[in-house]
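To start, the structure under review is shown below, and the notes come after it.
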Amino acid sequence: MRFIVTGNKRAADWGAVYIVKKIKEFNPSPEKKFVLGLPTGSTPLQMYKRLIQFNKEGIISFKNVITFNMDEYVGLPKTHPQSYHYYMYNNFFNHIDIDKENVNILNGMAKNYKEECRKYEEKILEVGGIDLFLGGVGVDGHIAFNEPGSSFKSRTREKQLTEDTIIVNSRFFNNDITKVPQSALTVGVSTIMDAKEVLIMVEGNNKARALHMGIEEGINHMWTISALQLHEKAIIVADEDACAELKVATYKYYKDIEKKNYNIDKLIENLYKK
């Protein structure tokens, strides 16, 4: 597992640069599309802003990219301002050159949630699997809506949300926890781990314990982030604030071996060089 330390609030920028790098290396075509797994939430917003910039400036195209989002609230229509459909189109898809037929998001209003989840997994297999899955992490270490205690063998399914997650997410619902959906459709831990690469972005002091548990402690189903230790090509990129609970030796070790990769401004500059 790789671990990259960036400046504060720059993990999302690093993620954007890495997406561009991987798509360019893949060199997608209409016959061979790049498959990207995408998150929602606060941390990825800057990543999407940066990717929109790169797209408008001709640095990258999404015409031959297929996307699968991680999750969606149960019971929210696509037009609801807090649905992840609304989030993705408003903050990303409406501003880039992606073919909307290549966008895949779970339907929180489906008549049969089990069937919706089964078809989602089936479609991922049909396109050859996910090449790169992006994600954030919750304060309790959850990825997507794989809350503490989620099976590492889990697949896309409906998942009940913990009280902590509902309270945290209430900030998007006028701080009214009664308006927050009680469950969501989410890709499973195995769905994420099956991706060829996984990149998790961690920003802020409130994520410091989750980062510590994911990197320095053993694999534990109560900390979903720790499953990444089992992935052959997992990357965690975190800002300085998120490193607050790491051992000094761990911090210094990764800063040293990844010293060529944490100067985000230099990495962005390199994208503009032909």
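Quick reminder: no glycine exception, Cβ is built from N, Cα and C everywhere.
According to Swiss-Prot, the active site, proton acceptor annotation covers ASP71 (among others), on the basis of sequence analysis. Sequence-distant neighbours of ASP71 (active site, proton acceptor) (same chain, 6+ residues apart, CB-CB distance under 8 A): THR40, TYR84, LEU106, ALA144, PHE145, ALA184, LEU185, THR186, VAL187.
Annotation source Swiss-Prot lists active site, for ring-opening step at ASP140 (among others). For ASP140 (active site, for ring-opening step), applying a Cβ distance below 8 Å and a minimum sequence separation of six or more within one chain yields GLU147, PRO148, THR162, ASP164, THR165, ALA210, TRP223.
Under the DSSP three-state reduction, HIS142 (active site, proton acceptor) is assigned to coil, being neither helix nor strand. Sequence annotations record features per position, and here Swiss-Prot assigns active site, proton acceptor to HIS142 (among others) based on sequence analysis.
Annotation source Swiss-Prot lists active site, for ring-opening step at GLU147 (among others), citing sequence analysis.
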Lowest local Cβ density (other Cβ within 10 Å) among active-site residues: HIS142, GLU147: GLU147
